[in-house]
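*Asks:* For reference, TrEMBL lists these features for the protein:
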REGION    A:1-32  region 'Disordered'
TRANSMEM  A:35-54  transmembrane segment
TRANSMEM  A:66-95  transmembrane segment
TRANSMEM  A:101-131  transmembrane segment
TRANSMEM  A:143-161  transmembrane segment
TRANSMEM  A:181-202  transmembrane segment
TRANSMEM  A:231-253  transmembrane segment
TRANSMEM  A:259-280  transmembrane segment
TRANSMEM  A:287-306  transmembrane segment
TRANSMEM  A:312-331  transmembrane segment
Amino acid sequence: MTSADGSRHSAALATHPDPADPTPTPGGRLPRRPGPLTVASVVLLLPLAVLAVTTDRFLTLDNARAILASAAFVGITAIGATLVMIVGSAVSLAVSQTATVVAMVFLVTQHLGLLPAVLVALVCGVVLTAVQGAAVGYWDANPIVLTIAAGFAVGAAATWFSGGTPVYPASDAFVVFNRTLLGLPLSVYALLAVTVLAHWLLRRTTAGRQMYLVGENRAAARAAGLPVGRVTVLAWAFFGGCIAVTGIFLASFNTAATVTLGGTLTLDAIAAVLVGGTAIAGGRGSALQTLGGALLISVISDVLLLRGYSTGMQILVKGLLVLVVVIAVHLRTTRGWR
Amino acid sequence: MLRTGTIRVGLTAGALGLTLLATACGDGAGAPPGEGTGSSLAGKTIALVGYGNSNPWGAYFNKVYGEELASTGVKINDMTTMDPGTQVQKFNQAVAQKPDLIALSILDTQAMVVPIQKAKAAGVPVLAFDGPPDPSVADDVMSVLSDNEKLGEYAAQNIIEGLQAQGRDSGKIIVLTGTKSMLVTQDRMKGFNRVLAGAPQYQVVDEQDANWDPQLSGTIAQQLFAKHGRDGVQAAFGMADYMALPIIQAAKQAGIPVGGKDGLIVTGGNCFKAGIDSIRAGEMYGTATEDPGTIAKQTADYTVRFLTGQNPPQREVIEEGRVTAATLDQFAEQCSKV
């Protein structure tokens with residue numbers, strides 16, 4: 001994004017409170033009472049910390065690696081989803097299907113060579129998602145309705161493309177994505193890289209700051225002359241790139257791609273963003289918070305599994321966690337505007 | 001310049017036009033197989049309330065079942081789905097249409113009890129294939145079933161054989177099952193546990209519900225390897241090949257050797273091409289059949305016998321096969337269709 005737009009609105013940006021800061025502090029004073037998010041964090045994190053450190057094998061290097069590895073796929077997608085939520089587009093419900101199509105495209109183009117296959121997969125993910133962003137940004141399409149429709153269309157295309165049967169690669173060059181470096185899968189490094197990139201984009205670029213402004217008040221942003229459509233498309237395009245990276249790693253990990261490969265990626269990514277404290281209404285949040293959300297969910301699943309609880313219990317706890325954080329964020333937001 | 005309203009109307013009209021075009025062009029998919037062949041079953045109708053084409057197993061079953069019956073002239077109404085709630089609706093719809101036979105693959109055993117009773121009351125014959133119905137209505141339907149207990153037994157035999165071949169006189173096993181509420185899963189675990197009871201030196205240390213989900217299987221496997229340590233697991237059972245393969249990737253990323261003289265013994269099920277390739281590469285020790293092509297052929301054969309009045313037995317069970325490196329040539333082609 002050029003600096004032309006940014007310089008025009010530099011005054012507004014300068015006076016805008018830090019969008020990643022959870023609690024407004026009018027006049028620079030510290031809040032007298034802890035906010036609902038702080039209370040919720042303490043209530044959730046303290047028992048979790050106690051539970052974790054008293055769990056056998058939790059404090060091991062292998063377990064730390066497992067937590068990071070299991071957070072990677074969902075985390076990469078969630079980082080992209082953060083930008084979409086910040087820009088005020090709520091959520092996309094077409095993530096699993098898009099990741100599946102990208103995975104299929106990545107595997108089916110292996111005969112072109114690894115790098116061309118990666119590029120084609122990235123372009124596929126970015127285009128499929130940016131088109132939806134254009135409909136939201138330029139024509140005010142409802143993102144929920146739009147992405148439900150897009151999910152059906154993309155899923156149907158995947159079924160048509162594959163005939164419902166698994167897609168296999170022509171070569172096994174993709175196995176490079178399953179390698180480890182210093183004991184960690186490459187997907188973990190991808191998660192960290194994507195997080196740094198998103199953080200830089202949101203905090204250090206004009207486009208990133210405009211995403212917060214558009215998300216906070218779309219009408220005002222448009223009235224102020226901000227390029228609402230362009231900023232929205234950029235957020236969705238970044239999201240599409242993240243979905244594509246996830247699709248590439250998913251395809252490599254499973255060595256084949258079926259229509260159901262994306263699994264519960266859509267809802268898992270949304271959960272990670274919400275647990276990170278990003279406001280679903282837009283205008284607030286950060287990539288680092290989402291990374292924290294993804295890791296928190298992974299830690300909770302890990303602790304429950306180490307303690308012998310079933311997968312069903314893990315899903316139940318994840319649902320309750322999302323509910324608590326969403327309520328806390330809502331309370332914080334409503335109090336903040338009073 | 002076009003106004004936003006005009007663009008919206010244009011987009012809506014375009015979408016409607018595309019839908020109509022797709023419907024017109026896609027009509028061939030719903031055409032009755034074998035129409036015009038004028039053979040013995042012309043005029044008869046089957047409602048296929050089976051697994052949807054979004055499922056690889058279902059897609060191949062539907063293809064083979066249609067092809068096998070094409071020459072008979074029977075009309076097949078495609079009422080397939082992967083959603084249990086939708087399946088109940090489609091089944092009730094099929095009963096109202098009074099076809100000559102409903103071919104059914106059950107997604108939710110409990111939810112289908114009442115609909116099956118309704119079909120019986122309406123005099124519509126039902127043929128359940130693959131998984132069994134609830135025992136309370138088992139006598140109300142005909143069935144062509146996979147031998148799920150046998151499939152579980154084969155998985156246990158693979159693990160015992162693999163561990164014994166490595167010269168291990170003890171071993172810890174992890175199990176990642178399909179959806180535990182399904183009778184298919186329960187029957188497989190019955191067979192698995194029965195055989196394993198004869199080799200008490202090998203113990204299951206963790207059994208988790210991975211919901212037939214490859215992504216979840218990989219995540220759970222990562223956590224279980226951390227929980228039990230690198231030397232704490234000697235064998236793993238993923239109930240389907242597409243669940244066993246992520247287990248192998250998770251093991252590799254955790255630095256655990258797979259296969260060979262002292263590596264992790266992994267066995268799968270519902271054999272498919274990637275599983276066969278993995279056995280050939282010396283990674284997965286073995287798998288078992290339940291391939292959709294074999295079941296589709298036997299179900300089609302049963303359908304013809306029933307509709308031509310040959311009065312087949314009420315229940316037929318598919319003969320399953322155990323696949324290891326030793327029997328690979330025998331099953332490779334059968335298992336490589338999906």
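Cβ coordinates are placed from backbone N, Cα and C, and glycine is handled just like the others.
Please treat TrEMBL annotations as automatic predictions, because they have not gone through curation.
Describe each of these features in terms of where it is and what it packs against.
*Replies:* If one looks beyond the transmembrane segment (A:35-54) by at least 6 residues along the same chain, the residues whose Cβ comes under 8 Å of a Cβ in the stretch are 22-23, 277, 296, 299-300, 303, 307, 321, 324-325, 327-329, 331-332, 335.
Under 8 Å from some Cβ of the transmembrane segment (A:101-131) lie the Cβ atoms of residues 92, 94, 150, 154, 157-158, 161-162, 167-174, 176, 233, 236-237, 239-241, 243-248, 250-251, 254, 256-257, 261-262, all in the same chain and six or more residues away from its ends.
For the transmembrane segment (A:287-306), the residues of the chain that approach it from at least six positions outside its boundaries are 20, 48, 51-52, 55-58, 63, 66-68, 70-71, 74-75, 78-79, 81-83, 191, 195, 198-199, 202, 268, 271-278, 313-314, 317-318, 321, judged by C-beta separation under 8 angstroms.
Long-range contacts of the transmembrane segment (A:312-331) within the same chain, counting only residues at least 6 positions beyond its ends with a Cβ under 8 Å from a Cβ of the stretch, are 35-37, 39-41, 44, 271, 274-275, 277-280, 296-297, 300-301, 304-305.
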*Asks:* Looking only at residues six or more beyond either end of the transmembrane segment (A:143-161), which have a C-beta under 8 A from one in the stretch?
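*Replies:* Same-chain contacts beyond the flanks: 84, 89-94, 96-98, 100-101, 104, 128, 132, 135-136, 167, 259, 266.
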